[in-house]
Amino acid sequence: MELEYESKRPLHIPYAGPILLEFPLLNKGSAFTEEERANFNLHGLLPEAVETIEEQAERAWRQYQEFKHDIEKHVYLRNIQDTNETLFYRLLDGHLSEMMPIIYTPTVGEACEHFSDIYRRARGLFISYPNRAHIDDMLQNATKQNVKVIVVTDGERILGLGDQGIGGMGIPIGKLSLYTACGGISPAYTLPVVLDVGTNNPQRLNDPLYMGWRHPRITDDEYYEFVDEFIQAVKRRWPNVLLQFEDFAQKNATPLLNRYRDEICSFNDDIQGTAAVALGSLIAASRAAGTQLRDQTVAFLGAGSAGCGIAEQIIAQMKSEGLSDEEARARVFMVDRFGLLTDKLPNLLDFQSKLVQKSELLANWDCNSDAISLLEVVRNAKPTILIGVSGQPGLFTEEIIREMHKHCARPIVMPLSNPTSRVEARPEDIIRWTEGAALVATGSPFSPVNYQDKVFPIAQCNNSYIFPGIGLGVLASGAKRITDGMLMAASRALADCSPLANNGEGALLPDLADIQQVSKRIALEVGKAAQLQGAAVVTSSDALQKAIEHNFWQPQYRSYKRTSF
């Protein structure tokens, strides 16, 4: 039976008694009214007091504060989510800045590593390769019937932690929690999915409590055929769904995105979402410095799908500001474990080959021509922006940062690797090495830095600024695909919200407390771009704004009326 969740009218439901209390989307706990307790056979199953959601949230907040360790707080919040989703989101709504690092990065990384140890209750769908003949049946088994947003992972590249098998399910669960908390997408319309294709992690395979398929990962044709079976089943079940690929390994992420982005409304947050939030941050930083992105030179440490995705977005923005493709690409330097990507390097991936530097342009460099290091790139190319997506801690050394500062008065340094333990440099070190001159944005949350009696806010270049607004914009506009223009619109809308760019002071990115308004602004621009590019039916801006407000779910209890199946 499909329930109508969007309006504020009374909700007619057929469930009663203990079954109703076990339904997280519908359970109100102690907030069921006397009339509802009588109508739904709840008398005796609840304490006498009828409470408001505010009173419930206050109790939950007090309980939350009793936990000393972040992983304990994560488990506690997940328990509330699996018991009473409306209360869970009301609690987040009042404490989002404190709780976002708990429900998502960095704590979700630890939760993924220990998924089988802390497992309490199933959420979402676990689609395993041994049961591949029954994918359609599995989708029919989903408790949510009108799914509008799916986040799917195969668990192979979880944050910077690598292959976690089905433990990777923690990422889709956390991501969809933020679609709701930040982007107002009703939890009734979201579905986390993990594709269990085995694992190559010996710790998981040898763990007697591991709950996934104990088998080495399937690869090549077997893997791609299985993913395709899943995609086709999703299209049959929910043809208008938004599908987000999450934490797939580099070798699979780009091919899957390229294959399906025009077949089903889909995007890869690690590639496109990371690129969009990074670009928005860089546009804002350039404005704050009184320049344009076309005037910057960018060095990357990490040339995987995420780094190359960011680079391509930067190049697109530079071109929109007047540079040719060749001029823009000459300003972007990609460094991986083998050194600077040049046209002499063999065995490059397709998406890397577009970002190589021409060897003849490096002829006058003072460097080791066989493997040009990041330090040598900084000395010779003199970048004004340094971006880390390597997943390796400490690689932005003091020597590299000080060398960058020699030729750049206001360097922009973005160590984006997650979780915190994998960050290329800590913000306090970057601030100190540049005597307070650097603009810093990180991938994980960091506290403000105090240096020489001045406080430096550290922007978290968090994809949560982008993907909830994209999702809301897609739902409100009815977009059938996500175009590059829609992603660019999201980046520019985020830059427009920068306190530093707008006021000359404050953080590079808006406060997380304002993220719902940021998401609405991004949704509007994404929806407009979808209409301009033919991905959605054209409406007026007013109609689009009304659709955004209509789709924006609030964690409030509705009254219930009893009905039969």
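Sequential numbering from 1, following the chain as shown.
Cβ atoms here come from the backbone N, Cα and C positions, even for glycine.
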Which of Asp228, Asp262, Asp270 belongs with Glu246, Asp247 in the divalent metal cation site listed by Swiss-Prot: Asp270
Nonlocal residues around Asp247 (divalent metal cation binding site), in sequence order (Cβ under 8 Å, 6 or more apart): Thr153, Asp154, Gly155, Glu156, Arg157, Ile158, Leu159, Gly168, Ile171, Asp270
Distance, Tyr104 (active site, proton donor) to Lys175 (active site, proton acceptor) (CA atoms, angstrom): 7
Conformational class of Lys175 (active site, proton acceptor) under the three-state DSSP mapping: helix
Position of peak Cβ density within 10 Å, selected from the binding-site residues Glu246, Asp270: Glu246
For Tyr104 (active site, proton donor): intrachain residues, at least 6 apart, with Cβ closer than 8 Å: Gly174, Lys175, Ser177, Leu178, Ser464
For Asn418 (NAD(+) binding site), the three-state class that DSSP assigns: coil
Cα separation, Glu246 (divalent metal cation binding site) to Asn418 (NAD(+) binding site) (Å, whole number): 14
